[in-house]
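Chemist: Sharing a structure with you now.
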Amino acid sequence: MVGIPSTPFRAPESASETGASAVQVAVRLRPDAVEDPMQAASRFMRPAVTATSLTSVLVEPSIQVTSSRESRHSFSFDRVFDVDAAQTTVYQTSVAPLVQRFLDGYNTTIFAYGQTSSGKSYSMGTSEESETLLLEEEDMDELGDRIGIIPRAARQIFHTLRDMSDPDSEYKLTVSFLELYNEDLIDLLSDPIDEPCQVQIRETRAGEIVWMGLRQHAVASEHEVVRLLQDGMAMRQTHETEMNAQSSRSHAIFSITLTRQRRTVQERAPSSLGQETIVTTTSKLHFVDLAGSERLKRTAATGDRAREGIAINSGLHALGNVISILSDPARSKRAVHVPYRDSKLTRLLQDSLGGNAHTLMIACVSSTEGNVSETLNTLQYAQRARRIRNTVERNQVEAGWDNLEYLQGLVTRLRKELDLVRSSNELVLASPEKMSAPMESEWQRELLAWQEKCTALSRKNVQLSAELVQLEQGRNGGSNDFLEAAEPVIVEYEKTVDALEGQINMLKASVAYSEQLLRDQAMELEAAKERAHQADEKLEVMRRDMAALQAKVYN
């Protein structure tokens, strides 16, 4: 498996489960490029940027090519990749842990920054070479180290989801591809036949940035992700400049959204009466391929290319201002305005810089002396970005509390459950007091009737017993003729007494059974009243939630 570590992924050490998370910064040095026109003179061929360790980089230009008073500059970052670093190493070391955070339910942004022709698109996997390789070879395993971050991330995401065995969870992945060209937002995955839909940036009341009008495409495999990436790259604005034969003339954001619905049963779930609860976790993974910073003098751009360069530099300048303000240590001590609205680029990245996201910046720089000025600018840019701290939390919500349609369906279901409870055992729970009075009266009348029968039989038994005693006395003192005459009567009385005693015992058992039934019915009535009360309370909560959501939707 290419680009996917065999060991479990680990989140960055500075990123906790919730709370503050620093922007991670990795620097990647591009080796000498023979086709770079700035390297025509031998004095520009000398390497001026070297990786002194896995986290440090040294810039040491000659005096002739720098106006800075200090010729040596040392920078420290989370990771520095030297000119011989492989794509696999870059991905496994810096990117894979953040992709795992995305799978855990956190927003994640990975963006590449640097001058034109510094290797940004190559690293991200959006270069023309990457597109050609992916088109020629469907199996990414055969491409070895030549593919970039996005195809590798797609592979990791689907392999991880396939390995997760959770019958109570459902997953949905969607993809979008947005281009910012001359301050216009363009959906790169829209159908060319359809009329283009205007993409707009909106901010929710909770401060979340959403992109309205951007089409989301459902995907079921890494190959579908790569195909959509190819389709979008084919639509992206690229042109030749003096610095790059295939220069990106726009900023592009390739986004993957993961929605996970997990069914759980909670003892005190607010949304049901002993029913399962659906918890929805939504996370977004943004891959941002920024157009390269450039100087018009070096690119020799004119006309449309010059206007594109001005728009690119304007957005990057606004991004630099935002990074400078967010990286200011004094910002935490006072309220400071962050100029996100100065550019659409900064608005698009608002959540990623100072918002709710784990963020990785890959600063791509040239190692040669001819580009040392732009390299210093990029490294200083990246050093400021490293001081930014985001506030991250898992995007998890119990289904329904912010969904009007779900609440309406839930109220309907609760009403059906309530009707079912009311009809069970012929109990009308809506008015249990009206039902209980006649039922209790009926049972009481029946109980009194049995008690009266029992009393009457008891009295008759006493009477017969007394007569029997008299007959026994007469038998002991009377003549044989009397005894012979009374014998049949005595036998009959004894039979009657036995029968009456049996009836009395049956009546007593019936009375006890009736009393137990009455107690059970009373307990069932109390339980039914309590269930009805709970159901009414939950319905009232649902009504209040629906009213609040309707007010939020229509206001």
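Here, residue 1 is simply the first one shown, and the rest follow in order.
Just so you know, glycine gets a Cβ as well, placed from its N, Cα and C.
Pulled from TrEMBL, these are the listed features:
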- 22-388: domain 'Kinesin motor' (DOMAIN)
- Gly114, Gln115, Thr116, Ser117, Ser118, Gly119, Lys120, Ser121: ATP binding site (BINDING)
- 490-552: coiled coil (COILED)
Chemist: Should Ser121 (ATP binding site) be counted as helix, strand, or coil on the basis of DSSP?
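Modeler: Going by the DSSP assignment, Ser121 (ATP binding site) falls within a helical segment, counted as helix.
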Chemist: How many other Cβ atoms are found within 10 Å of the Cβ atom of Ser118 (ATP binding site), counting all protein chains shown?
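Modeler: Taking every protein chain into account, the count is 28.
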Chemist: Sorted by position, what residues of the same chain at least six away from Gly114 (ATP binding site) have a C-beta under 8 A from it?
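Modeler: Spatial neighbours, sequence-distant, of Gly114 (ATP binding site): Lys120, Gly292, Ser293, Ala363, Cys364, Val365, Glu374, Thr378.
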Chemist: Note the mean pLDDT of the domain 'Kinesin motor' (22-388), expressed as a whole number.
Modeler: 81
Chemist: According to DSSP, does Gly114 (ATP binding site) fall in a helix, a strand, or coil?
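Modeler: In three-state terms, Gly114 (ATP binding site) counts as strand.
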Chemist: Using CB atoms and a 10 A radius, I'd like the single residue among the binding-site residues Gln115, Ser121 with the highest neighbour count.
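Modeler: Within the set of binding-site residues, the most crowded position is Ser121.
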Chemist: Given the binding-site residues Thr116, Ser117, Gly119, and counting only Cβ atoms in the protein chains shown, which has the most within 10 Å of its Cβ?
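Modeler: For the binding-site residues Thr116, Ser117, Gly119, the Cβ with the most other Cβ atoms within 10 Å is Ser117.
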